[in-house]
Structure formats: structure tokens, C-alpha cells
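Features as listed in TrEMBL:
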ACT_SITE  Cys270  active site, nucleophile
BINDING   Phe155, Leu156, Lys157, Glu158, Lys214, Phe259, Leu260, Gln261, Ala262, Gly263, Gly267, Lys331  substrate binding site
DOMAIN    324-436  domain 'UDP-glucose/GDP-mannose dehydrogenase C-terminal'
REGION    459-498  region 'Disordered'
Amino acid sequence: MNVTIVGTGYVGLVTGACLADLGHHVFCLDADEAKVAMLNDGRMPIYEPGLDELVARNRDEGRLSFSTDVKASVAFGDLQIIAVGTPPRADGSADLRFVHAAAKAIGRHMDRFKVVVQKSTVPVGTAEQVSRIVRAELHARAKDLDFSVVSNPEFLKEGAAIDDFMNPDRIVLGVDDDLPGRRALGLMRQLYGPFNCNQERTRVMDVRSAELTKYAANAMLATRISFMNELANLADRLGADIELVRQGIGSDPRIGYSFLQAGAGYGGSCFPKDVDALCRTALERGQRLSVLEAVQSVNQRQKLVLLQKVLGHFGDDLAGREFAVYGLAFKPGTDDMREAPSRAIIAGLLRAGARVAAHDPVAQESAARALAQDLADEPELLQRLRYVERPAEALVGADALLLVTEWKQYRVLNPSQLKRAMRTPVVFDGRNLWDPDQLAAAGVTYLGVGRSNLAQMREANPTPQPAQQLALAKKKLRNGAVSSTRTPNAGDALPAVG
């Protein structure tokens, strides 16, 4: 099929490259001439594992092209997939100006039946707005052409987007129950045919339900995160281990393990924006979504929990102290700094007088831009922030290490290296990645989220262990490696050493 993608941001670029890899011919449109030139030159504007190879292969084989030519893009695709940004307004509502502009362009240039596909995350009722805009443009041209607007929300995770697209657990299609809608459904089934060979993955529904489905999915996931973070803060006060609680409740099949990891809060381009937009949509209809308002409030506080733990340990004045920060992107596998917790944490450290040495495998350039924007009114603070090429460089002379984003390369921690390099071996684990007992046994002070006092409590009230198990633990500690304690199975409730 011939497919046009309007917008080569994160969703548009991944969608276009994956559809091309399935054998479709894809025309990607973007108004940003510099971005189009970059893509045609083989350079990626975003980081996503495997995307550069996917784009290069399909561009070289003639199935994927990039252009700023609006008229050509409308003429090319029988399917016009709108994947433009919907940034939040000051009141939390979604800004649809790019969606509306795309609809106008389609109506202005279309010359035959088109399926207009909403891939962008948009409020309920947006498809009707798009339909009115396209029809108004056709009326202005005195053209009587059929078209149909379909809602086909994306469910891609940054860092795993290609796998998510190529192995979808569901494909939501919101279509109208009329002749153009049925024709559009047939074309959408043809587009996604390769995914339904062995199992029917499409979920067909009305357009409004499909639009709400995307918001509901993100709101549910955000709710689970904030719920666990609330429990983690309570666990800190009670002396419980939120990791064991997570495994205890996650083993219940009614609950499961997904999105139950306590930590420094969520960020990114979806959860904060979409929960706000859903709350705003409800307010416009006379309803308050009290649970989701609390979800957002909890998350905003949670982004500062790690900073509060630092200030509680060292005092409010951090002048003369240096902190190593591991992980800057809002999650592993991406360079996306939108709403990243690291931004609030680093800004808070700098404002308290500290120096910061930061490391991230891929997000350092985008982090530098984001923090320069955040501290535009306090540029002098940036003089105390530096970025390092290797994680070990950040540790030299540091008073503490803060883990903010749990990249895989941070999972194994060498306590001997910490003690040699750092001024004071203190670890603030914002993702509960490491084992507090192992670090405490090696002389490293550990403070996590929902498990901050565990090592001290266990030291005061030790649990007897068989001599053989204790000897094995000591032997592995001498080898100098502390590994991640994050496990998906309830049987692994007690973290292993080694």
C-alpha cells in the first residue's frame, strides 16, 4: 500500500519505518526542512534502538522517503496517517493546531478517496473536528469526495518501540459505521494484515471509544506508578521493604508486576501530558477525575523525593559538595528528556550549592539543552554542572551517587570502586536497582525509595543465617560486584548476592 505519514517525530518516524519494513511504500512529510535533510542524509533526529538501521535499509531499498512537499504527500498515500505532536497548553489541554493543519492540507489537496488516520494522541471528539475541517476544505474547492477518519492510537514504549510495533498485543481501530467507514476498515485491515496471520489482534470499535482507549491506558499505567510510590513513601516510615511488597502483590494474577516499580517518578512525552489532558477533558464536561488529579500530584512530589533524601542526609546547604548522577533520560533506552525527573533533581542540587557530575549513555546532549532551558534565568548554576563520558569519572571525589535512570550498564556496582573513588560512599538509589544489604556490608551507606533504612535496621537486628550461606556471601562480596535486585518473580523475593 501507499502510505503517507504526516510528522516525523517519535511516533511518525517509528511508524513509517516499520510499515516500510513490512513492504508498504511510505512517504514521510515534515515541515522542518532541517529534519528532512538530516533523515535524507541518514542521520537520526531521535535515539531509538535499531531505528537508524531500519530507516537506512528501507530508504536504500526505495520503500521510505522524506519530504516537505505537502501536495505530493497528499497525492501519494491512500492512507494519510497523522502523527504530529499534541503538546500541552498551560491549562493542561491538548494543543491540536498541528492536527488541524494536517487536516486542512489533506482537504485542500486530496483528489480521491482517502483514509485519514489519527495516530497522534488526541482528546475524544478530535476525529469529528478533523472530519469537519477536511469537509470544509473540500466544500471550498467545490469537490464532492468521500473520505473517512479512523482512530488508530499508538501504544509504543520508548526504548522498545520497534518491537512494540512489530509485535503488537492489540491494534485498536476506531471507525464509523457507514459506507466510507467500512471501506476504511478494509484498508486498515490490509495495512495490518501481517500482524493477524496467527492471531486476531485488531480491536474494532467506534471512533470516540478508540480515542478514549489511549488516554485510559496511559492513565491506568500512571496510576499504578503513583500508587506504588505512595506505598514506598509509607514503607520508608514503617521500615518495610517496598521491593518485597511489590513481589508479594505482583504475584497475584489479578494485579501482576507491570508498572509496580517504585522510584523517582515518571516522565516522558505521554503520561504527564495525557493524564493532564484527560483531567481537562473531564472538567470541560463538568466532572473532576479526582484519582487522576492525585496521580499527577503524587508524581510531581515524587520527582523531588531523591533530592529531599539528599538534603535530609547532608543538610540544606550543599555548598562544597559534589554529587554523581547516573541516568538523565526519563527512562532507559531513549534520549528523551521531556518531564525527566533528573531535571528537577539536578536543578535542586545546583540551587542548594552543590556541584554535579552527570552521566547518561545517550541523553547528555538533550539533557544539556533541557537544563539550559530550565535554568535560563540562573545560567551561573550551569557552571557547576559537568557531563562525563564514563560512569566511573562521575564518582571521583563525590560525596554521594544518585541513580535516577536505571540503564542496564548501571546494574552491576562495585563497592570497592565506590569507596576508593568517592569522598564519602553514599548511594541514593532512585530506582531500587541495587541490594542495600550488599552495599551496607561493604561499608557503603544506602538510601533507596521505600527501603532506605533497611540495612541499618537489619544491622541492629540481624537475622541468623546458616554459616555456609554467610561464607558464600562474603566470598562474593570480596569479588567486588553488587548486582541488581530487580526480579520479576515472587520466588526471587530475597535478593541474591553476586
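Glycine residues also receive a Cβ, built from the backbone N, Cα and C atoms like all the rest.
Bear in mind that TrEMBL entries carry predicted annotations, made automatically and left uncurated.
What TrEMBL annotates, mapped onto the structure for a quick look.
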| residue | record | DSSP class |
| --- | --- | --- |
| Phe155 | substrate binding site | coil |
| Lys214 | substrate binding site | helix |
| Leu260 | substrate binding site | coil |
| Gly267 | substrate binding site | coil |
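When other Cβ atoms within 10 Å of the Cβ of Gly267 (substrate binding site) are tallied across all protein chains shown, the result is 23.
With respect to their backbone Cα atoms, Cys270 (active site, nucleophile) and Lys157 (substrate binding site) stand 10 Å from each other.
All protein chains included, Ala262 (substrate binding site) registers 29 other Cβ atoms within 10 Å of its own Cβ. Summarised by DSSP class, the composition of the domain 'UDP-glucose/GDP-mannose dehydrogenase C-terminal' (324-436) is 44 helix, 21 strand, 48 coil. Here the binding-site residues are Lys157, Lys214, and the one whose Cβ sees the fewest other Cβ atoms within 10 Å is Lys157. Note on the recorded positions Leu260, Cys270: the fewest other CB atoms within 10 A surround the CB of Leu260. Phe155 (substrate binding site) has a Cβ environment of 17 other Cβ atoms inside 10 Å. Mean predicted confidence for the domain 'UDP-glucose/GDP-mannose dehydrogenase C-terminal' (324-436): the pLDDT average there is 97. Binding residues for substrate (Phe155, Leu156, Lys157, Glu158, Lys214, Phe259, Leu260, Gln261, Ala262, Gly263, Gly267, Lys331) extend across at most 24 Å, taking the greatest CA-CA distance.
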